[in-house]
Amino acid sequence: MAGAYGSDLPKVPEWLNKGDNAWQLTAATLVGLQSMPGLVILYASIVKKKWAVNSAFMALYAFAAVLLCWVLLCYKMAFGDELLPFWGRGGPAFDQGYLKDRATIPSTVKKFGNGTIEREAVTPLFPMATLVYFQFTFAAITTILVAGSVLGRMNIKAWMAFVPLWLIFSYTVGAYSIWGGGFLYHWGVIDYSGGYVIHLSSGVAGFVAAYWVGPRPQADRERFPPNNVLLMLAGAGLLWMGWSGFNGGAPYAANLTSSIAVLNTNLSAATSLLVWTTLDVIFFGKPSVIGAIQGMVTGLAGVTPGAGLIQTWAAIIIGIFSGSVPWASMMILHKKSSLLQQVDDTLAVFYTHAVAGILGGTMTGLFAHPDLCKLSLPNPTNGAFYGGNGGKQLLKQWAGAVFIAVWNLVSTTLILLVIKMFIPLRMAEEELGIGDDAAHGEEAYALWGDGEKFDATRHATQMQQFERDQEAAHPSYVHGARGVTIVL
């Protein structure tokens, strides 16, 4: 510790606020924990046992691949200098001089027609390295959310190719357009912490990917029980608690807005969970853990577009709608639509993220408070509930949602069609029947069955020892046929 404050070291920059930097690194770590291990655990436990390893690996791979691509190229595509009104100029972000400088998002500067500066660029009081890592965690979780739609059948090699391509050609466009100083940012579309950039984009991309990859085998579609409900709750808990960093870190400071955002985030999640659970009890007679987790996620996704811009009573209203509208779309609309039924969205990412994201963006256009908007938005505005230009703001919210949805639909389709030319998007039917053992040669649990192909040479020693033990314990034991799984 003495070395950190040595008299021979350079002076601490005057712009560095250690409190803001500490909070931003903490928030980044919380968001990172949502993915690794949060979604890794949740995906591994919420699927059928034979897909536990494959599902966890898809999330693990995406987290690592996104980080490398982010510092090599994609950070500057999302938060660098303008290349196009919706895309930044890519480049590496690993030079020590660049990373030690004060964080800056250059395209957020606003100029008058004569070239003079009307509004300075966003320059938080911490180093660029902190901002690069913080925004990486958002890019990583978005990509991992897309995986939730194609669990249980996507070719792992196709997924490995999809992750960097989708990050480059889809995520960076939405991030730059709304957060990095693109045309939607300057137009005034509000997305406080990712209702559009993260949830709407991952929900639409996941739905499109599920269409092109194709459905799971019919047996898996009809019966796909979670293999570990308690572990599923652990993953969901990391996701919920990590959301405090998700929305609390969005202002780039440990300030009033971050405090309000954290409270609103948790309140909306709790309200939505209770509403979803209540609807399950009313219509199905009993609550379910999966339903409660889905309600939690929709509440978190729904409040994200305006978490730090709305009053707390509005967070409760958002929680009520987030727990009911996605529920109705999943339980009622899905069952009545032949088109929606054709697409096998494994974890219903479209309903829990895309629907909730659009809903949250709309509610932000209604309830964004003018005083709270002044604290954090570059273009002070308010929701339609408070009059003024609120009606225009609501229209802007819808227009922003349309752009993000259409871009993800087109870009995801093109990316998958290109990959399909070289790598099959879907596993072979034989592999689909086996699961993890075929895809990775590994199993989640030391249990035989649930899709594993019996290998006599592999299991002969264990079976012979088992039979000897049975003969010793029970002299009347009769040798049975090897390789027969008895379902009790």
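Here, residue 1 is simply the first one shown, and the rest follow in order.
Note: Cβ is positioned from N, Cα and C throughout, glycine not excepted.
All annotation found in TrEMBL is predicted automatically rather than curated by experts.
Features as listed in TrEMBL:
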TRANSMEM  22-44  transmembrane segment
DOMAIN    22-445  domain 'Ammonium transporter AmtB-like'
TRANSMEM  56-78  transmembrane segment
TRANSMEM  132-151  transmembrane segment
TRANSMEM  163-184  transmembrane segment
TRANSMEM  196-214  transmembrane segment
TRANSMEM  226-246  transmembrane segment
TRANSMEM  252-276  transmembrane segment
TRANSMEM  288-307  transmembrane segment
TRANSMEM  313-334  transmembrane segment
TRANSMEM  346-368  transmembrane segment
TRANSMEM  398-419  transmembrane segment
Original post:
Have the transmembrane segment (288-307) and the transmembrane segment (56-78) got at least three CB pairs under 8 Å, pairs 6 or more apart in sequence?
Top reply: no
Original post:
Which listed stretch (163-184, 196-214, 398-419) has the most C-beta pairs under 8 A with the transmembrane segment (56-78)?
Top reply: 163-184
Original post:
Hey, does the transmembrane segment (132-151) touch the transmembrane segment (398-419), meaning at least 3 C-beta pairs closer than 8 angstroms, sequence gap 6 or more?
Top reply: no
Subject >> the transmembrane segment (22-44) in contact with the transmembrane segment (196-214), cutoff 8 A, at least 3 CB pairs, sep 6+ >> reply: no
Original post:
Can you find at least 3 Cβ pairs under 8 Å between the transmembrane segment (196-214) and the transmembrane segment (346-368), where each pair is 6 or more residues apart in sequence?
Top reply: yes
**OP:** Six or more residues out from either end of the transmembrane segment (226-246), which same-chain residues have a Cβ under 8 Å from its Cβ atoms?
**Re:** 26-34, 37-49, 52, 138, 193-194, 262, 265-266, 269, 289-290, 293, 296-297, 300, 304, 444-445
Original post:
With pairs closer than 6 in sequence left out, are the transmembrane segment (313-334) and the transmembrane segment (132-151) joined by 3 or more CB pairs under 8 Å?
Top reply: no
Subject >> Range from 163-184, 252-276, 346-368 with most C-beta pairs under 8 A to the transmembrane segment (313-334) >> reply: 252-276
Subject >> Same-chain residues at least 6 beyond the ends of the transmembrane segment (252-276) whose Cβ lies under 8 Å from its Cβ atoms >> reply: 17, 19-20, 22-24, 103, 122, 124-126, 131, 192-193, 240, 243-244, 246, 291-292, 294-296, 298-300, 302-304, 307-310, 312, 314-316, 318-320, 322-324, 327, 372, 375-376
